[in-house]
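Everything below concerns the one structure shown next.
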Amino acid sequence: MRARVKKLLRMYVHYAPPSSGVIVFLFWRELRLPAFACIGFDYICVSVLGMDSQKEALQRIITTLANKNEELHNFMETLSHSLAGVQVNSPQAVSDLEEEFDTLFTVLVEMKESMISTIKQEAAKKTQEIQHQLTQSGSALKSAVELLEFANKALDINDEDEFTKAAKQIKDRVTMAPAFRLTMKPKATDNMNHLMVDFNQERQLLQNLRFLPVPRAPEIEVGDCLVLDNTVSVAWKMPVEDSKIDHYILEYRKTDHEGLPRIKDQRCWEVVDNIKTTEYSLSGLKFDSKFMNFRVRACNKAAAGEYSDPVTLETRAFNFGFDSSSSHLNLKVEDRTVEWDPQGGKGLESKVKGKENKGSGTPSPKRTSATRSPAIRGGRDRFTGESYTVLGDTSMDCGQHYWEVKALKDCKSYSVGISYRNLGKFDQLGKTNTTWCIHINNWLQASFAAKHNNKAKSLDGTVPDRIGVFCDLDSGQLSFYNAETKQLIHTFKAKFSQPVVPAFMVWCGGLSLSTGMQVPSAVKSFQKTENGLGGSNSSLNSMAQ
């Protein structure tokens, strides 16, 4: 037996695919061992294989079992959801059917209700009578049991007078006992045949009555579906031609799980109704989830058919927000906006200043504004001084990413770009070798420039209302576009040695941020045709340290 186990195990290790996790079951099947024999599997592995091989095989088993457990868990949730749906939808179907009967056969429904009422009344009457007899019988039985006990005790009386007296009492009680006065015939039976009906004649009139024909489930053609420019185009077909289809209903929802839709921890399905063709495009989407689920159903004039098998499409995009924990105190940071607030942090600064004045005679203004409570600073020091900066809360170390920024009305000065995370709290965007940005100044003397390492290059053209930022870390490229026209504004080339984060500067105004965006196809096409930077940008190229 041991030799056979050893042979089979070596065959498994040699031939089993990496994803296989069925070695225990292979042994159990091949050796025809009882289930409890698998308990010794670990010992067999240790004795036949080396420790490394055993761990590798065991890891494959664990991975397979974990995946299978997750799959089964999701499947069970799906079944539970379907079961709950059946319990909800079945009464609804009955309700709809009864409503149609009410509309088409009013007289029949009235008769039906009347007969049902009669049956219920008869059932209530019989129930009451039977329950009353049960109550009476119970009382009679209790009395009879007590009398029987008394009679049994009387048999043990030795005194003749007492015995005679007891016997007389028993005789009198038996005469009056409920058990002997109660009729043993049920006042009601369970027979309801007298309330049966015969609808043979009516049935012949309605023998052609059928449920409405329901369209079959469409089939989503995954190969024809397209995810591009934050637009998802979904295409489907019917398995058989159906000329009675009036329209389609498309449903979608966002998810972070690949594969079949999960029942729990999911957002609600969004619905697009009255689609007349076999394709539909959802545009202007924010891709704030890794995937989206889609399903479609066909409808005729009377009913909606089954849903198609759901499909999952990838909708990955770069999502981030402002890091309010390290932003300058004069910046008011909300979900997707940052605004200049000249009153921001004044109360806190005065408290800090008071504490510092206790410890030293004349603290410098810079030190006063830079010292913050640890609870305020968060993971790093807040920007201070004239560095009216806020960073993004998510870093990038590879890949292509895109986001857009729009200046709020009457914004006097702002910068948009990227930075290393370790940017100093006094540092300003574009004035260090670890920041790259374009700067717009609308105060006093207007300017529009690209900045890096304290060098600036004036840019031609007007400042767009919305700026698109394209960061390609794989090729070491940062480009700025007119978000509306996709016209290139400026490109930096750099070798980024650390992860970078989006970076923003605002003074006297505000910015609104748009994330969850794919790299626009126009930007991708333009980048493919570019062969490096032009001479006009070369002065700002860098090898970032």
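A Cβ is built for glycine as well, from the same backbone N, Cα and C atoms used for every other residue.
TrEMBL annotations:
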type	residues	note
DOMAIN	155-212	domain 'COS'
DOMAIN	214-318	domain 'Fibronectin type-III'
DOMAIN	330-522	domain 'B30.2/SPRY'
REGION	340-382	region 'Disordered'
COMPBIAS	348-358	compositional bias 'Basic and acidic residues'
COMPBIAS	359-372	compositional bias 'Polar residues'
Helix, strand and coil totals (DSSP H, G, I; E, B; other) for the domain 'Fibronectin type-III' (214-318): 3 helix, 46 strand, 56 coil
Tally of DSSP helical, extended and coil residues in the domain 'COS' (155-212): 30 helix, 0 strand, 28 coil
Mean predicted confidence [pLDDT] for the domain 'Fibronectin type-III' (214-318): 91
